[in-house]
Each structure stands twice: as C-alpha cells, then as structure tokens.
Amino acid sequence: GEFTWKLADHPKLPKGKTIAMVVLDGWGEAKPDQYNCIHVAETPTMDSFKKTAPERWRLIKAHGTAVGLPTEDDMGNSEVGHNALGAGRIYAQGAKLVDLALASGKIYEGEGFKYVKECFDKGTLHLIGLLSDGGVHSRLDQLQLLLKGAAEHGAKRIRVHVLTDGRDVIDGTSVGFAETLEKDLENLREKGVDAQVASGGGRMYVTMDRYENDWNVVKRGWDAQVLGEAPYKFKSAVEAIKKLREEPKANDQYLPPFVIVDENGKPVGPIVDGDAVVTINFRADRMVMLAKALEYENFDTFDRVRFPKIHYAGMLQYDGELKLPSHYLVSPPEIERTSGEYLVHNGVHTFACSETVKFGHVTFFWNGNRSGYFNPEMEEYVEIPSDVGITFNVQPKMKAIEIAEKARDAILSGKFQQVRVNIPNGDMVGHTGDVEATVVGCKAADEAVKMIIDAIEQVGGIYVVTADHGNAEDMVKRDKSGKPMADKSGKIQILTSHTLQPVPIAIGGPGLTPGVRFRSDIPTGGLANVAATVMNLHGFEAPSDYEPTLIEAVDN
C-alpha cells in the first residue's frame, strides 16, 4: 500500500509513557576476572537489573554481521552500533561497503576514483592510512587491492604513507605488515609502476588524532607526508619501524614520524601540486582532522607551510554534517526511515544528550547519518562539552553525572516521551588501557544510570539500558584458549580496543506493563532489534521491515 509515517497502535502496550533510552558506551558482558573493569567496579545499578528481573535482562550482539560488518571477527564500534540502534535494520557498513565496492570493481567506476584518476598522468597517487589488519579503521587487504586496482587503472607513480597500529592489533605486528606491503610495492615496480613507501609514524603520535584533541599529531603527519620533513630518515619502512622500536624504544602506536629518502638523502614522496591523495581508512573519527587540512583552503589551525593543489578523496565520506571530504571512493549506506523519525512523526517528543565525544552518536548516527532535527518543535539535543587536552584516564568520571542530570531534568520536566543519552566512560577510558581509571569510569557510569532510573521511577516511566559494543569488560589480550597474554618481559598485554562480546539490555520501570518480558525465540538478537522494542514500549507496532522486537506482553 501507500507509504505512511503513521505507526499502528500496539495491541497491548499503552502510549504516552516517558522512556529513558540509555546507551552505555563500551560496556560488554564477559567473564568476571581482574581484567573485567565492569566486574571489578562497583556497579550496583547494572547488577540489580540482572539479579532482580532476569526475564527483563538479556544479551544482544553488537559486532560482526549483526551491525553490518563483514565477519564475526569484526569488533563493533560506536558509529555502526548507533546506526543499528536507531535504524532498526542492518545496513552494510564501513569495511563491508568497501569490500563490496572492491570485489565488484564498482569503486573504480565511482565519482571519487574518477576524480583522483585525473592526476594519474602527470602526478603521484598518495595513499595515507593505518597499516594493519585490525579491521577497526582499515584493513591491509583493502590497501593491497586498491594498490593493484589503481595500478591497473593507470596510476604510474604511487606513494604510501603508513601509520603503524599496535592499538587494534598486538604491538610489534607493524614490522610484518610493512614487509607484506613492501613486497607488494616491489611487485608493482617489476610491472613498471614507480611504487614505494614515502613516510610513516605511529597512529597515536602521527596523523590519527580525533575530536581535535591535539592538532600537533596531525601537524607531525603533515610535515612528513606533505613536506617530506621528519626527525628520522630511513631507506625503507621496515628498517624505519625496526630501528625506531629499538631506539627511541617507541611502540607501534607512538613511533615518531619518519620519511623515506633516496641515496642522495632526498625524501621520495612529498605531496605536491597535481598529485592525488586517498586516505584509506574506512572509519571516520581519526581521519576527519587530516581531511580538513587536506581540503580546506582557509585552514589555519597549524601552519601548513604549503597547501598543495591536489585531488583528494576519502575511502568513505568521514563527516556527513561537514560533507567532508567532498570526494570519496565509496558511498555511505542510505539509511531511511529511522526510528527517531518515525517516533517524531507519531507525536513522541524527544530529548537526546551526551558529551562532545559521543554527542554525534546519540544524534547524527542514531538518525541514520543525518544532521539536525527532524522537527525542532518535537526535539531537543544537548551537547555537554568534553574535557579537552587530556587523556580520559586523567578524568575518568568524564561528564557522566552531568549527562545524567540533564536527562533527569528532561524526564522530570514532563515535556518528553523519549530521553536518550550516551554515557561514554566504558569506551573512552577503556581506550586508554588504564585499568584502574576504567574501573573508576565504570562506577561513574553506573551512578549516572541510577540517577536516570530514579527520575523514571518518579514519573512512572520505563527505562531501556543497553550498550553499543564492548570495551571495558575485557582489558587484556588473550590467546586462542582465552588465557591472558604476556609480552617477552612477562608483562601482561593490555587490550585497549573494542571487543567481540555481546552487550546487555535491560528494561523496567513502574510504567512497564506487567507481563512484558524478553521473548525466547530471538536468541541471536542484536542492536538492530532494539528500535522495534522501544517503539513497542512507546505504544506502537514497528514497521514490518524492522528487525523483530525483543519483547512480548503476556497476559498475567
């Protein structure tokens, strides 16, 4: 029939309840040991959900195919997680989109590739990005395919600017990745393509800063990649990585910037007028700052010295709000008819809040990579400024309590039927690898949840508490059997990345109709099932193409 925004009434659940939708960032479920910061932390609120109402607590999948990523080995992340939570359906995402475009060859027919190809005759193609198979920001096999494809489509001179990982993969693996890359480049040279590594550095020290935390990181990369200037000069990437790990004893994440030079000591690949540049990461957050420096004419955050006239494209578009970069090799998923848009069309007043580092997740990504309000009369979004210029283990409580206070006030105001927040501690503090600080962060997050639940109790509302992916629940690298791994000196290897763990979802509150419980027939439920669940709690049936609801209402 004819499309309509109007949702059918739920046969058993009433409309008009105030619903708190709480997303704990980086909060998975794992076995309770000393590396599970959620277990170690005092988290009485989250514990009570599981203990007191087991029929209203369960685990859902937040990684791999459940969120549109290629395989079950792909960790979830905040962007795809919030897309799934808000959209109610599973869309091919990030790496998967790139895989499909590379496999079909569509990537070479797109506007973005054609744009960079215009420079192949006279200029150099530069590829900049994270060199690892971590699958969080980039994947080595995609770089390998793109190198091969670019050469087949006419690139005559190629320079690769590598960023070493050691954060999403084990420290020290960058040597092997560099060896693989250099072998591929050697094969291209045998085929007559002038291809080599031009520069490099560790991801946390060179280029890959995020949220404008430290522009010096981007400047160090710019100096090496664009200007060909760096404190260290080497003949090859493998030599560079090996030597810098010995002296100044840097780990992969923090390798100082280096350039590759020829026998005369001249850098082999600065970026100059007439060149093409592609940033090969598919994940956006740590490419946005470099993209600004490469694209914005009137950029003044640091002195670029030279602003080369180049054709620049991202692997994907990194910021839909800023339309940045304006050219990209792979188009984003078209996410239409998100739950937020439906609910606003059906009279649900909505409040959303987080601090800067996750504000975009609870708004832009939740709404299907779309900026702004659906209807400003019906919605209010509040951003609390995050602490800047520090790593979050220094302030592990972050703005959890401030976010909860805003949510509480919104709930008690009576103006909103949905109050949606993201509490970032588990993820942002977990990424620092500081176990003690992460424990403090998890406790603060639990206190924030309590404050929101208390407000829901006061207004007779309903709460839904879940997470977007794991992080804080497992802070150690493990071997295949699950045993913690140590480095050569016997020191435990800390895991700073997201995980493959499922995440909890709990529902409750005085407004919840008695007899509502989780269904037993959706064992593989994931984040995308949450949207239909929340629509039901608002008193509506979900659209027929949404992933099925997790709940049922049984007559008592």
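Positions of Cβ are set from backbone N, Cα and C atoms, glycine also.
Lifted from Swiss-Prot, the feature list:
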type	residues	note
BINDING	ASP25, SER78, ASP468, HIS469	Mn(2+) 2 binding site
ACT_SITE	SER78	active site, phosphoserine intermediate
BINDING	HIS137, ARG167, ASP168, ARG203, ARG210, ARG283, ALA284, ASP285, ARG286, LYS358	substrate binding site
BINDING	ASP427, HIS431, HIS498	Mn(2+) 1 binding site
Among ASP25, SER78, HIS469, i.e. the binding-site residues, the one with its Cα nearest that of ARG286 (substrate binding site) is SER78
CA pair ASP427 (Mn(2+) 1 binding site) / ASP25 (Mn(2+) 2 binding site), Å rounded to integer, equals 5
Argmin Cα dist to ALA284 (substrate binding site) over the binding-site residues ASP25, SER78, HIS431, HIS469 returns SER78
Of all C-alpha pairs drawn from the substrate-binding set HIS137, ARG167, ASP168, ARG203, ARG210, ARG283, ALA284, ASP285, ARG286, LYS358, the farthest apart lie at a distance in Å of 21
Mapped onto three states, the DSSP assignment of ASP427 (Mn(2+) 1 binding site) reads helix
Filtered by Cβ under 8 Å and at least 6 apart in sequence, the residues in the chain of HIS498 (Mn(2+) 1 binding site) near it are GLY26, HIS63, MET75, GLY76, ASN77, VAL136, ASP427, HIS469, GLY470, ASN471
Across all protein chains shown, the binding-site residues ASP25, ASP168, ASP427, ASP468 give the max Cβ-within-10 Å count at ASP468
Judged by other C-beta atoms within 10 Å of its C-beta, the most isolated of the binding-site residues ARG210, HIS431 is ARG210
If you count the other CB atoms within 10 A of the CB of ALA284 (substrate binding site), including all protein chains displayed, you should get 24
Filtered by Cβ under 8 Å and at least 6 apart in sequence, the residues in the chain of SER78 (Mn(2+) 2 binding site) near it are ASP25, LYS358, HIS361, PHE365, ASP427, ASP468, HIS469
Within 8 Å of the Cβ centroid of ASP427, HIS431, HIS498, the other same-chain residues by Cβ around the recorded Mn(2+) 1 site are ASP25, GLY26, SER78, GLY426, MET428, GLY430, HIS469, ASN471, ALA472, THR496, SER497
